[in-house]
Amino acid sequence: MSITTMKGVTSESPAEALSRFQTTGLTLNNPKDLYWMTEFLKEEFYDKGNYYYPIKTVCDGELIETELFCPFEPKLSPHYIQLYNSRDERSNLYAVPPKKTDMKKYNRINCEKMGSLMAPNSNYDDTEMVSLFYSMMYYLNDQTAHLKLPEEDIQPELVDELNDHVLQYLSVFLSIFKPREPQDLERIWNFLDFYQPYFKKVDGKIILHEKYQGRTPPQIGLIKKITGYVLERFAPKKNITQVIYEVIRYIKGIKQEIKIRGDKSFTLSLKEYDEFRDQVTSSPMAHSITDLTYDDFSYKAYMNPLFIKLEDLTSEIITYFNDVCTCDRERLDDDPFNSVFILRDLHSLNYVKSCDLVVKHAHDKLSKFLEIKQTLLKESTNENEKKAIAQMIKTREDSLIGYTIHEICCVTNGYARDHKPLMKDYLEKNIFKKLKATN
């Protein structure tokens, strides 16, 4: 596909798209526009061997102009338009009746966009499920938002309520877990860690103690939609242990975040920050779903220390890209969980230089990612294993470039957590120029 052949996807020629853009500008509330932006970035950067993508934003009045290195091919799912157009129906999952979903918040999360960019090769249902996992992460994470308040303003009952909700969510995920091997049961049981006392093992399953069964928490419809799909689509033929593992990892990370946020005097080194963020990045959950969609699947890869390192690097790179793009919002929120702030304080830098340093660290991590990729492929013992590992690595590569494009294309306020007017101006200027040249 190219800019000149986009009509097969968007049902509009370059001339028709240009005419529309000159009236509306680039937006995120017309799903066609994301195809034009993605294809433009692919042709102007990836196809020309330039893997440095521009980011233009502002932090505390400082102009941030940097480049995110990501040497993988940008692609948007062919199902994105259909996913976007069915979002009103999907939004019903996010509130317990009679309450209704806050569409302002739902639009800002824009999970269909993330899923379609970060899992572009999956079928419709699988792409929807990846999107739902990303939205689950945002909704769970937002339930810790009140912990950013001054310590004296934090309401203990809200902390208890969040813990109750988390137990219900964990219980639903564990209800679909039917271990194929005894070691799978023990792996999950041991990984529950400080949540273990709330659960018990009964007939090869892990269930929540009756006394902790609470009232129906928000987003339970979302959780049941995800677990029902995993149970029907994957559990009969494949080992779903990693899905459960990654959900527990993320939820444990939220608990750790609560603990850290409770200590307003905390400091983190960059190494400690990486280790913490490895636990509270949603991409491993989404990857565990996408991995299952392929015939070539290796559960034992998750036990390989090198593959675990590759997964962690993916999380860290996405986190660093996110930190650069969200630093102004998080500065205004007085949220210290950001590598830009850590390096700024450590080296007495301004925001511009700190962002540049974060981007450099991300580049170094991506170089390490590529080294590990080659080692994993070289060490594969047979062709089937090599094919499975290659596909699982490709899933992580798709996430990295998908997240990069996601941040670049935040061009509509209210349809992105971090609207970027400067990127909107950049994309409109260059896409309009390219479309005019095709006429």
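In case you wondered, yes, glycine gets a Cβ from its N, Cα and C as well.
Quick look at what Swiss-Prot annotates:
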- Asn322, Thr326, Glu330: Mg(2+) 1 binding site (BINDING)
- Glu330, Phe337: Mg(2+) 2 binding site (BINDING)
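Note on proximity: of the binding-site residues Asn322, Thr326, Glu330, the one nearest Phe337 (Mg(2+) 2 binding site) is Glu330, by Cα distance. Non-local contacts of Thr326 (Mg(2+) 1 binding site) by the CB criterion (under 8 A, 6+ apart in sequence, same chain) comprise Asn338, Arg417, Asp418. Residues near Asn322 (Mg(2+) 1 binding site) in space but far in sequence (CB under 8 A, at least 6 apart, same chain), listed by position: Tyr403, Glu407. Reduced to three states, the DSSP call for Phe337 (Mg(2+) 2 binding site) is coil. Taking a C-beta cut-off of under 8 angstroms and a sequence separation of 6 or more, Glu330 (Mg(2+) 1 binding site) has the following same-chain neighbours: Asp323, Phe337, Asn338, Phe341.
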